[in-house]
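> Dumping the structure here so I can ask a few things about it.
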Amino acid sequence: MLPKAASTSYPRASGLKPFLLHTELEFKDFWRSIIQLAFIVFMPVMFYVGFGFVFRDQAQQIRSVGELTITQGNYSYAGVLTFALLSVVLANVAISLAIKRHHGLFKRFRTTPVTPAAVMGAFLANALVTLAIVFGVISAIGVIWLGVDVAAQRLPMLFAAALIGFVAIAPLGTALSLVPPNADAAVPIVNGVFFPLAFLSGAFFAMPFPEPIQAIINILPGKPLMDLFTAATASTGPTWNTEAMMILLAWGLAGAVATAKWFKWASEREPRGFSHRKSAKDDHSD
């Protein structure tokens, strides 16, 4: 009787080191991609430069938004922050995960001691770092050239809005990554969701809609995100919009539930997940 073949499973590595290693790999992979840099990083900056300089002469004009008063410069700044967060955390996460899944780029981790949490955590950590860099560039452009002036007492609310936006939108990005059937369909399908959400949020200009349609727009993820950034950058009025935060967090919870239920690490033609069930089954059949 021949001895059984050695199992290919490994004990899962825990701790911070695997997470940091994979975060570094994700970061290098992302920032070496010219296409990703162009569409995810540079696009929000270019939109801001384009729209910002067009309305630069109106930067100090005061506009009313509900209970708030806000300068045009700060309103444009809030809009581009909304657009950038949706670009980096929704579109980027969804497209990247769909492409990685389709091409089997997660397959190599199934026979390594790396945990799924470390892999996904590293992927999202790269998105968070990328978002911070994009926000930093946009903020520098706004403050230096486009008349952005956020009151010091509102800055904590601005950081809180960015953090809550990331926490709420990232699960939606992972859930949206399940919709494209293959890598070729990822960009058009995800952008077909991303761009309407961004523009309907009022990020660049307010569009009048009939009241029933506006009521629907108000509960889509883009509008409450824009409301949080607007409150955080306003001149007067409430510094925080609790209703907008609750709507965003509800969307984040829905995305997390959908991800937990249906998320796949491999496409249909690849074995799913980091499971070693197949190899274990093969061992018993020898």
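Glycine is treated like the rest: Cβ placed from N, Cα and C.
Keep in mind that TrEMBL annotations are predicted by a computer and have not been checked by a curator.
Feature table excerpt (TrEMBL):
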DOMAIN    25-231  domain 'ABC-2 type transporter transmembrane'
TRANSMEM  34-55  transmembrane segment
TRANSMEM  75-99  transmembrane segment
TRANSMEM  120-146  transmembrane segment
TRANSMEM  158-179  transmembrane segment
TRANSMEM  186-207  transmembrane segment
> Would you kindly check 34-55, 75-99, 120-146, 186-207 and say which stretch has the most C-beta pairs under 8 angstroms to the transmembrane segment (158-179)?
75-99
> By a Cβ-Cβ criterion of under 8 Å, what residues six or more beyond either terminus of the transmembrane segment (120-146) are in contact with it?
19, 21-23, 25-27, 30, 40-41, 44-45, 48-49, 52-53, 56, 59, 73, 76-77, 80-81, 84-85, 87-89, 92-93, 96-97, 162, 166, 170, 173-174
